[in-house]
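Pulled from Swiss-Prot, these are the features on record:
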- LYS187, LYS660: substrate binding site (BINDING)
- ASP190, ASP194: Mg(2+) 1 binding site (BINDING)
- ASN217, ASP220, ASP439: Mg(2+) 2 binding site (BINDING)
- ASP627, ASP653, ASP657: Ca(2+) binding site (BINDING)
- LYS469: site 'Determinant of potassium independence' (SITE)
- 3-23: transmembrane segment (TRANSMEM)
- 55-75: transmembrane segment (TRANSMEM)
- 78-98: transmembrane segment (TRANSMEM)
- 127-147: transmembrane segment (TRANSMEM)
- 157-177: transmembrane segment (TRANSMEM)
- 231-251: transmembrane segment (TRANSMEM)
- 260-280: transmembrane segment (TRANSMEM)
- 295-315: transmembrane segment (TRANSMEM)
- 380-400: transmembrane segment (TRANSMEM)
- 402-422: transmembrane segment (TRANSMEM)
- 510-530: transmembrane segment (TRANSMEM)
- 578-598: transmembrane segment (TRANSMEM)
Amino acid sequence: MANGLTIAICSAILALIFSGLWIRRIYAQSAGDSRMQEIAAAVQEGASAYLKRQYLTIGMVGTVLFVIIGLALSWNTAIGFALGAILSGLAGFMGMNVSVQSNVRTAEAARSGLNEALAIAFRGGAVTGMLVVGLGLLGVAGYTALLVSGADETSSISDLIHPLIGFAFGGSLISIFARLGGGIFTKGADVGADLVGKVEAGIPEDDPRNPAVIADNVGDNVGDCAGMAADLFETYAVTIIATMLLGALLFKTGTGDAAVYPLALGAASIVASIIGCYFVKMREGGKIMNALYRGLAVAGGIAFFAYLPITVWFMGGATLTLDGTEVGGGELIMRLFASTTIGLVLTGLMVVITEYYTSTEYPPVQHIANASTTGHATNIIAGLGVGMRATAAPVLAVCASIIVAYSLAGLYGIAIAATAMLSMTGIIVALDAYGPITDNAGGIAEMAGMPESVRAVTDPLDAVGNTTKAVTKGYAIGSAGLAALVLFADYTHGLEHANKLMTFDLSNHLVIIGLFIGGMVPFLFGAMSMEAVGRAAGSVVLEVRRQFKEIPGIMDGSRKPDYSRAVDMLTKAAIREMIVPSLLPVLIPVLVGVFLGPQALGGVLMGSIVTGLFIAISMTAGGGAWDNAKKYIEDGNYGGKGSDAHKAAVTGDTVGDPYKDTAGPAINPLIKIINIVALLIIPLL
């Protein structure tokens, strides 16, 4: 066990060192002229102010929960909760700061060409990715080492590492607040800016005359960068912890090694992801997306070859009971190695499937663009249809992965497949954080009045960034589905371990009631999220209209808008609106568990997983398709910018924005928090 912890801690430190080195390389690049630096400073000031206020609010909620967990469960669990929350927040805050510094340098590098701008944008994203996996693995492995150090021989591994559930809960709490609050901010700004700027005033995106333009750029950083970092930090840590707990419960021999085996897989993938980052380079005449995917493919290939010796090392002496038969030695090694391969294959499938439904190169997006030629309503109908259809292939891929992984190594096989999938988080976050960096770089170029040659570089980078953001959301949702299933397995085994053995029979009315309540939660949460964005966007619309009316000279460029007003309004709105929906997944399992019992609570867990998976995929894929349908028309198809088709596509994109960037992604942490809270309260049931 000690070897696994040492390897994980060393690999996590390597990821942090790599982040530090690339931060230095990014900061060494030119930040452009004074106008560019002024815009970047305004974006950074707004993003920092928002995150500080968000973390202050979370801190107040977290302090109350820390005391409750400490008194009701254990102080080790409470300490884990605090550690998970702090590290998750730190990953998001540091990633956001690097993103803001990378934006302006990417815009300046675009003067020199596509390859130079791509290099800085991807490095900025890679820093965030390595911070997420480095801090996540360091936190889990480091806290595990503290928990097992000095323990007496009579203590079981599962009891010793049980406080890690607190770590998972801390990361999850930050995740849902960051995803939801950041999403409300960014889409409130985006929708408000588009409705008045593009639709009413007829000015282009990122035009400095729009009073909401700085708020829009701030939102990209707090939502797409800090929000996604917190989301995948949580998914990464939760999956590793859930697999560790399951291994400690299922294995009778080699329990310690089974508990740290997921940490070793994560450690190997960090090294693989670092190497993969160096393969992201444009070839002469090549595509930007191919350069990014090359890095992902190299990382996946190296991880594949590393997993076999790691499995031999850690699981060679373990035995697992499958269908009443003891399996160990070479057979178990190959079964577990095959399970890791399932996770890597599912990663590739989720990337390919999501790109198909959200890229301008494929029929779904082109279908929405074509539907825009006949009006706003047909655009909305087509987008909703694509979003619904986009659920089929990912869900079938997840189902196939579950079937194969279960046939190989039972529930532990599913957990290992999920761990292998999530072990690629470092380079996946790099692809995602690349998106807001290129988006902001284009905005800075527009606001600073840089030459058209710069926009000719930033625009294709931004178009690819839209697809990478959609792809990583698909990956996050698919992995969240697997992670939630592993957490449900932990819940059932946790009940068994606590001598509360139960069956979840569909003929039991309590289980059915739980399924209905669990199925309701993602819909209720999604509705609250969408309505929150609508209210925030409405306030921005009124403010932008007011400034256009009351500040003469904005439209001719002789006077500047009051950018800070929209930023401050959205900050207050996002903080206010995020609290009640974010507490929903904490309160519902507690209330159901206390008043209806553990069987109904089990139904809640399964119901939330099923409906949450479908809603999240539908929203993120549909929203991404709406966005890129607009971009497809702006590229000169179906009449291009300013045409009736373009106006209809802008409406679709405006509806799709909160779909794909607020409600959809926030459902990921929602379904996992419900499961984690259920795990936490087992002793109280």
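Just so you know, glycine gets a Cβ as well, placed from its N, Cα and C.
Because the structure is a prediction, the values reported are computed rather than measured.
Known features from Swiss-Prot, placed on the structure.
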| residue | record | DSSP (3 states) |
| --- | --- | --- |
| LYS187 | substrate binding site | helix |
| ASP194 | Mg(2+) 1 binding site | helix |
| ASN217 | Mg(2+) 2 binding site | helix |
| ASP439 | Mg(2+) 2 binding site | helix |
| ASP627 | Ca(2+) binding site | helix |
| ASP653 | Ca(2+) binding site | helix |
| LYS660 | substrate binding site | helix |
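With pairs at least 6 apart in sequence, the transmembrane segment (295-315) and the transmembrane segment (578-598) have fewer than 3 Cβ pairs within the 8 Å limit; the two do not touch. Of the candidate ranges 78-98, 157-177, 231-251, 295-315, 510-530, 295-315 has the most C-beta pairs within less than 8 angstroms of the transmembrane segment (260-280). ASP627 (Ca(2+) binding site) sits 12 Å from ASP190 (Mg(2+) 1 binding site), counting Cα to Cα.
Same-chain residues at least 6 positions away in sequence with a Cβ under 8 Å from that of LYS187 (substrate binding site) are, in sequence order, GLY219, GLY223, VAL533, ALA536, ALA537, ASP657, PRO658, ASP661, THR662. Taking Cβ-Cβ distances under 8 Å and a sequence separation of 6 or more, the neighbours of ASP220 (Mg(2+) 2 binding site) in its chain are THR186, PRO436, ASP439, ASN440. If one looks beyond the transmembrane segment (127-147) by at least 6 residues along the same chain, the residues whose Cβ comes under 8 Å of a Cβ in the stretch are 5, 8-9, 11-16, 18-19, 22-23, 26, 76, 80, 83-84, 87-88, 90-91, 94-95, 98-99, 102, 160-161, 163-164, 167, 171, 225, 229, 232-233, 236-237, 240-241, 244, 259-260, 263, 266-267, 269-270, 273-274, 425-430, 433. Non-local contacts of LYS469 (site 'Determinant of potassium independence') by the CB criterion (under 8 A, 6+ apart in sequence, same chain) comprise ASP224, ASP432, GLY435, PRO436, GLY624. Here the transmembrane segment (231-251) has long-range neighbours at 84, 87-88, 91-92, 132-133, 135-137, 139-140, 144, 156-158, 161-162, 164-165, 167-168, 171-172, 174-175, 178-179, 258-263, 266, 318-321, 410-412, 415-416, 418-419, 422, 425, 428-429, 432, 472, 476, 479-480, 482-483, 486-487, 489-490, 493-494, 497, 665, 668-669, 672, 676, meaning same-chain residues at least 6 beyond its ends whose C-beta is under 8 angstroms from one of its own.
Separating the Cα atoms of ASP190 (Mg(2+) 1 binding site) and LYS660 (substrate binding site) is a whole-number distance of 12 Å.
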